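Undergrad: To start, I am sharing the structure in question, which I have written as structure tokens.
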Amino acid sequence: MIPGVAADFSADTIVTSIVKAVLVVVFLLTSVLFAIWFERKVVARMQVRPGPNWHGPKGLLQSLADAMKLLLKEDLTVTRADRVTYLLAPMISVFCALLVFAVIPFGPSVTIPFTDYSTPAQLTDFPVATLYVLACASIGVYGIVLGGWSSGSTYPLLGAVRSTAQVISYELAMGLSLVSVFIMAGSMSTSSIVESQTNLWWFLPLAPAFVVYVISMVGETNRLPFDLPEAEGELVSGYMTEYSSMKFAWFFLAEYIAMINVSAVAVTLFLGGWRAPWPLSVIGDGVLNTGWWPVLWFLAKVWLLMFFFVWVRGTLLRLRYDQFMVFGWKVLIPFALGWLVALATFQWLGLAGVTRTQMFVAIAAVALLAAVIVWLLPERKSPDRSPDDGGDGRFDAFAGGYPVPPLPGQSLPPSPRARRTVPPAPPESSGSPADVDAEETR
Amino acid sequence: MSGGEEVLFWVLAPLMVIAAAGLLVVRRAVHAAVCVVFVMIGLAVLYVAQEAPFLGIVQVVVYTGAVMMLFLFVLMLVGVDAADSLTETIRGQRWIGVLLGLGLAAVLLGVVAQATFPPSVGLEQANAVTNPVALARVLLGEYVVAMEVVGILLVTAALAGLVLTHRRRLGKKPTQRALAEAKVALLPTGRHLTPLPAPGVYAQNNAMDTPALGPDGRPLDHSVPRVLRIRGQQRSATELLTAEETLVERRQGSDDVAPARSDRPEEETR
């Protein structure tokens with residue numbers, strides 16, 4: 001038994017590990033096929049259209065058809081590409097994406113059917129497993145960077161540079177939000193963290209950290225609204241512009257596996273891992289937390305987060321690059337740091353013997369004080385933002401130098417030509433008097 | 001060393017040596033960076049194999065994931081891409097380099113030859129409370145002052161970096177609204193509110209040097225990139241249009257030629 005790890009791997013042989021590794025890879029590949037179908041279908045329903053519905057029942061075989069198409073397409077290598085790196089980049093991406101699931105627990109100890117051999121439903125675990133996930137993610141960026149650079153073209157290079165900046169910045173916020181889980185759980189091993197959530201899932205007490213994690217996980221996977229590295233309108237498709245056929249498919253695969261990875265990490269660290277949600281967990285004294293049931297809960301939670309990904313994609317618009325960086329560095333990271341300091345202070349107070357009630361009273365007092373101060377502060381006068389009404393309520397039709405319509409509540413001043421509408425138009429003229437006026441003024 | 005660890009070492013070590021030697025041989029800076037990354041990850045794997053998982057993983061996260069990535073970032077931006085020039089900026093630097101390298105090799109060989117490898121002691125006790133916890137107790141218990149001093153030093157260095165690269169803003173930062181208003185104010189001078197139109201796309205021609213046609217059918221000169229216009233490499237739209245109109249006429253034979261307006265390629269292609 002590995003010290004500091006809740007799961008017991010002592011019964012595992014090398015054969016067990018190989019079988020588990022193969023199962024993990026098979027799980028990931030089939031999940032990606034399903035995820036692509038799922039995403040297209042859900043986005044389609046959100047946009048009131050049917051989505052893929054031609055191949056197989058409900059279009060389920062669509063991703064398989066896409067995969068075959070990518071396999072059989074011509075494999076182009078750009079003339080200016082740096083060949084070795086060009087081939088290496090998608091491999092790095094996929095390899096790193098596949099590594100993460102080695103430490104994700106699908107369930108507790110499970111018994112193989114028809115035998116009495118039981119083993120944890122997890123490939124491996126060690127005391128720094130969560131850091132290992134971060135390490136895999138940070139190496140995975142090399143795939144994107146090298147792919148963008150080796151294409152020898154401008155758009156991919158720009159996409160790669162953006163992606164580097166993005167992933168490094170958001171990894172900081174992500175790491176900080178994970179640290180608060182380490183503080184509460186007292187461990188960095190995934191199975192121990194799941195073990196520590198027996199009574200309370202961490203997303204409730206650590207809600208701010210959970211929010212930071214969810215935002216940074218979307219940034220980390222380059223998904224809308226943070227898909228700046230491959231912003232179609234600006235960069236064609238970013239770092240993978242010059243890739244085709246199977247090499248492109250690898251990048252695509254890596255991207256979807258990365259989504260599943262961050263969802264699984266969120267489930268393991270914040271959403272109770274494989275534990276059954278509350279009303280189910282009390283049934284029969286927790287019988288639903290044993291055997292093969294937990295795998296079901298785990299998958300359900302992961303796909304709930306995947307739905308969240310798709311939902312966000314279907315709802316939000318892409319941020320501008322500078323806004324995105326400002327948000328990451330000036331909002332997310334300081335907030336995560338502040339939260340971490342606060343949490344560490346509470347933990348320290350707890351160790352020093354201060355009771356929960358005292359802490360809550362203190363927090364309430366501070367919050368009340370802050371509210372009173374805010375209430376007493378003079379309200380800042382908002383700067384005059386609308387030049388339209390010129391301060392005196394009059395409507396200026398050329399505010400800011402170009403014609404503007406009146407705002408609600410304002411009315412157009414009477415036209416100086418209003419009196420000229422009185423004489424009737426000559427019978428041969430087809431235009432109304434207003435049109436004639438408009439013609440004259442041109 | 002247990003059996004597995006030995007196999008891992010003998011598989012990984014030669015690869016790492018090859019990658020390290022590759023650093024001397026490869027011509028492109030990015031390839032050198034990739035070699036360094038490989039060596040770093042190999043080192044991390046060896047650390048983990050030697051029961052120091054925290055050190056190994058942190059090595060990857062911090063050095064490979066952040067520091068080396070920043071190097072690569074700069075390399076790509078600066079574009080140190082072509083083979084570097086081989087002119088020596090310091091006289092005789094090659095010989096100095098060779099001499100120093102030989103000296104280092106001699107020192108290292110001497111150390112390795114003199115080293116003895118007694119059986120390791122104390123690893124079990126050190127890792128009894130798990131590796132990260134034991135490390136934390138040492139770093140934040142026995143050496144906490146040194147840790148704090150190093151931390152303050154690093155923060156000072158980071159602040160210094162910020163201060164040195166900081167430029168004071170001379171005016172107020174323009175807001176999005178101010179920029180929009182400035183754009184509108186320039187309208188009378190002939191500036192455009194919208195982005196510039198793309199160069200022309202015609203049935204037979206799709207190039208940067210031919211202007212697009214506006215809604216009134218006149219060529220938009222500002223749709224051709226400014227550089228081409230200044231160089232005088234702009235093609236006239238009339239030339240192209242005549243060519244296309246003759247083509248249309250040829251295809252329609254002696255039939256009534258459709259009104260010229262509908263032949264405008266602008267309407268065909270957009």
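Cβ atoms are placed via backbone N, Cα and C, with glycine included.
TrEMBL does not curate its annotations; it predicts them automatically.
Below are the features I grabbed from TrEMBL:
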TRANSMEM  A:18-38  transmembrane segment
TRANSMEM  A:86-106  transmembrane segment
TRANSMEM  A:126-146  transmembrane segment
TRANSMEM  A:167-188  transmembrane segment
TRANSMEM  A:200-219  transmembrane segment
TRANSMEM  A:248-271  transmembrane segment
TRANSMEM  A:291-312  transmembrane segment
TRANSMEM  A:324-346  transmembrane segment
TRANSMEM  A:358-377  transmembrane segment
COMPBIAS  A:382-395  compositional bias 'Basic and acidic residues'
REGION    A:382-442  region 'Disordered'
COMPBIAS  A:403-416  compositional bias 'Pro residues'
Undergrad: Using a Cβ-Cβ cut-off of under 8 Å, list the residues of the same chain that are 6+ residues beyond the ends of the transmembrane segment (A:126-146) and lie near it.
TA: 2-5, 85, 88-94, 96-97, 99-100, 102-103, 159-160, 163-164, 167-168, 171, 174-175, 178, 181-182, 187-190, 193, 220, 229, 239, 251, 254, 258, 261, 265, 269
Undergrad: Decide whether the stretches the transmembrane segment (A:200-219) and the transmembrane segment (A:324-346) have at least 3 CB pairs under 8 angstroms, with pairs required to be 6 or more apart in sequence.
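TA: Result for the transmembrane segment (A:200-219) with the transmembrane segment (A:324-346) is yes.
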Undergrad: Count the Cβ pairs between the transmembrane segment (A:324-346) and the transmembrane segment (A:248-271) that lie under 8 angstroms and are 6 or more residues apart in sequence, then report whether there are at least 3.
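TA: No, since the transmembrane segment (A:324-346) and the transmembrane segment (A:248-271) share fewer than 3 Cβ pairs closer than 8 Å, they do not count as touching.
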Undergrad: DSSP-wise, what's the residue breakdown of the compositional bias 'Pro residues' (A:403-416) into helix, strand and coil?
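TA: Counting residues by DSSP class gives 0 helix, 0 strand, 14 coil.
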Undergrad: Please identify the stretch among A:86-106, A:167-188, A:248-271, A:291-312 with the greatest number of Cβ pairs below 8 Å relative to the transmembrane segment (A:18-38).
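TA: Against the transmembrane segment (A:18-38), the leading stretch is A:248-271.
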Undergrad: Could you give the residue numbers and ranges of same-chain residues that sit at least 6 residues beyond the transmembrane segment (A:248-271) on either side and whose C-beta is under 8 angstroms from one of its C-beta atoms?
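TA: Same-chain contacts beyond the ends: 28-29, 31-32, 35-36, 67, 70-71, 90-91, 93-94, 96-98, 100-101, 104-105, 130, 133, 137, 140, 143, 147, 178, 181, 190, 193-194, 201-203, 206, 209-210, 213-214, 217, 220-223, 239-240, 298, 301-302, 305-306, 309.
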